[in-house]
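Working notes, beginning with the structure itself.
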Amino acid sequence: MWSSAEIRKTFLEYFEERGHSVVESSSLVPVNDPTLLFTNAGMNQFKDVFLGLDKRKYVRATSSQKCVRAGGKHNDLDTVGRTPRHHTFFEMLGNFSFGDYFKREAIGYAWEFLTEVVGLPEEKLWVTIYQDDDEAADLWPEISGIDPGRIVRLGEKDNFWSMGDTGPCGPCSEILYDRGIEYSCGAPDCGIGVCDCDRWLEIWNLVFMQFNRDESGEMTPLPRPSIDTGMGLERLSSILQGVDSNFDTDLFIPIIKRIEELTGKAYEQGERGFPFRVIADHSRACSFLIADGVLPSNDGRGYVLRRILRRALRFGRFLGIEGSFLYKNVDVVCDIMQEAYPELLEKQDFIKEVIRLEEERFLLTLNDGLKKAEEIMERARQRGDNVIPGEEAFMLYDTYGFPLDLTEDMAEENQFTLDKAGFDRSMEEQRQRARQANKGEDLLGQERLLSEKLAGIAPSSFTGYENSRDESVLLAIIKGSELMDKALNGEEVILITARTPFYAESGGQVADCGIIKGQEGLLRVQDVKKLSAWILHYGIVEGVLTTGEGVSLQLDDPARMDTARNHTATHLLHRALREVLGEHAQQKGSLVEPARLRFDFSHLKALSSEELSRIEQMVNEAIWKLYPVTTTVTALGQAREMGAMALFGEKYGEEVRVVQVDTYSSELCGGTHVQNTGQIGLFKITGEGSIGSGLRRIEAITGSYALEYIKQLEDELKKAASALRSSPLELAKRIENLNNSLKEKDKEIENLLQRLSRSSSDELVNKAFQLNDAWILIEEVDIEDPGSLRQNAEMLKDKLGRAIVMLASIKGEKVSFVCFVSKDLLEQGLHAGKIVAAAAQVAGGGGGGRPDMAQAGGRDKSKISEALAEARKMVKKTLS
């Protein structure tokens, strides 16, 4: 029997033997692609190659790509576990041709691999083609010998692929496996393209990228057609391992067995096994996403991870697990996948810790959600209402991760109803906002359009590592998206020159600013960006600039130097963080500009003042040691052998630039730096905080900015010391003494308030009366705060013993009621929820709650006496 590891290895070796370069799976976090939330197909990392924006040394490639489909346009989250095939995380095996081979070879490779290498029976294989693709219809029988009766023509929806509204596109051909009539849905017309039953299992999709579609929809043949194929490893494994579901393969069974151990329950097929399948799938997705740098948060990718993780926890609770458990599955996931993805093993402990902390956070969140739900119901009672608004239920779900079914249960327990239509409305509004926010495809279309118009313009040459000024030729002027011959005074334009010292925004470093000067005008450069091979200078024209004229380019030297100080400082900071906190404290993002630096890194808790002090001291010591800073351009593999760190979220070519700070630090980096650490002068941390679960941020300044900051701190310290009649060095002790004095005063005030409260309680107790050995206290009080009202009522109930206590208070125009019934009176039929509901109804409101404790609200404060009288009447009747 084939193992999944053998299938993956055999696939890659098969294509490598046929001239394909084996390319590592790219990260699940797409690099420089705003159209994607997660990598969801093997072709994602080759998108720029297909678009002609990037070139590789190879024209044939093969890969086993990590993919996630959860969130965004491609979202299988709610289907996971309900079907045998859908997953949040999966692997896509693929082979690609960039203008090399085409349909004949792609069909031949696919057929040979399936029938001869892994041995699938030919008679079990079916093929779909695009309805107008006669070429594929002829090639399939010729190459494979397949019976034309097993070739099905389908329309554009099923068998035509495109990258977007415009750009590369083409027909596709899918290979399906017939699992047999016993798996049929039983419909008379059951067949490929008619139904989605489990008889017809889609295995491999071959995309024939042969056209370019323009804005009018017209398609013209590509000069060099390409191939993009994808086959799910999980699906092929299920066939070759002879099991009915992907979840029964060796990719999932060890995880499911671990869940059985954790729950003490046996896995079953069908509906009973649904929670096991969800947890197994989500364990894989969480492990791989965290390994690729995604951390739980409230937006973007982190929000999707949080949803996946919390969904798994909910199903764990369904299986009877109350505490943290999901992190215990990570070891099993790593054991299954470590050979193909060694990064999992390297980050195993970090992945477990992130998941464990998020689990604990969610358990607290559930408690917070319970409190919030109580507050929502209390506000409804104050309004005289017993409906939980849909938008508030959605807030519980979205902000607190509070499952809707728990909100529904709470509503039922408290005799409330839930506005489900309002909840659905809020959910749809959020989806609309997400769709509005995802403008990446528009951006990609604009870049593609601009690239097409610049096709005849020579690439820009960056000279800014060596120079801060240069002489060049103005190659192009762009206004809007049109090429212009001239740029006039006041116009906002983009300039492209043959040579430029201006650094384009990249890798967290902001663009250079400065001036591009021509014979009759100039451009004050406000921003610089890179588009493929061109460097674009953005700004507003003063005078007139003309295409083809000679221009002088001059950077703002002080700003460039300040930026260089901060960029080199981030490298020193990165090293110090890993020294003090551990190797897991790796860069997750940065901002480098003249006035400051910002550095994001992975760490699971706030830094102590001692840790911050050590980090700051280490950076300053590296500065004062006057380390030389050198750069080397070398092959990516050679750079890794040199020990250079590759940073998360960066896209590297085959040649990379290594920035070395003596033996202290070595990183792949394209930014600008000082020549010697002494040029940084001084480093000062100004802030540290959380920007998401497991993600911290340090803000800092260097050079003259750091010196000015320290002077400001000193001035403020002197002012504070003067105000408190102290010296700066004795200020902390003076503040401590003042705090101690304030605490003593607070205690005195608290004692006075408690004595006052006891006095008020004693007065109320005297108003209680007895009926059949039960104390009854139903009174109006002057306590506006609902929490205090509830606290006082409970205290009075405890003081009276066998009692029913109901208090009412007025706030504004509304009335609040709270009622407590001692447990020994519940058997006599007293029900707090019914009592407050009756009283609230008299006051024009509503509410209810549990038999032992309930709250309600009324709209008419003038009816408070009648409401209390109604409550007394009801209690007397019940006890009599």
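Placed from the backbone N, Cα and C atoms, the Cβ positions cover glycine too.
According to Swiss-Prot:
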| type | residues | note |
| --- | --- | --- |
| BINDING | His567, His571, Cys669, His673 | Zn(2+) binding site |
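Feature map: annotations from Swiss-Prot on the structure.
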residue	record	CB count, 10 Å
His567	Zn(2+) binding site	26
His571	Zn(2+) binding site	25
Cys669	Zn(2+) binding site	27
His673	Zn(2+) binding site	26
Remaining residues near the recorded Zn(2+) site, that is with C-beta within 8 Å of the centroid of the site residues His567, His571, Cys669, His673: Ala564, Thr568, Thr570, Val629, Val659, Glu667, Gly671, Thr672
Helix, strand or coil at His571 (Zn(2+) binding site) [DSSP, three-state]: helix
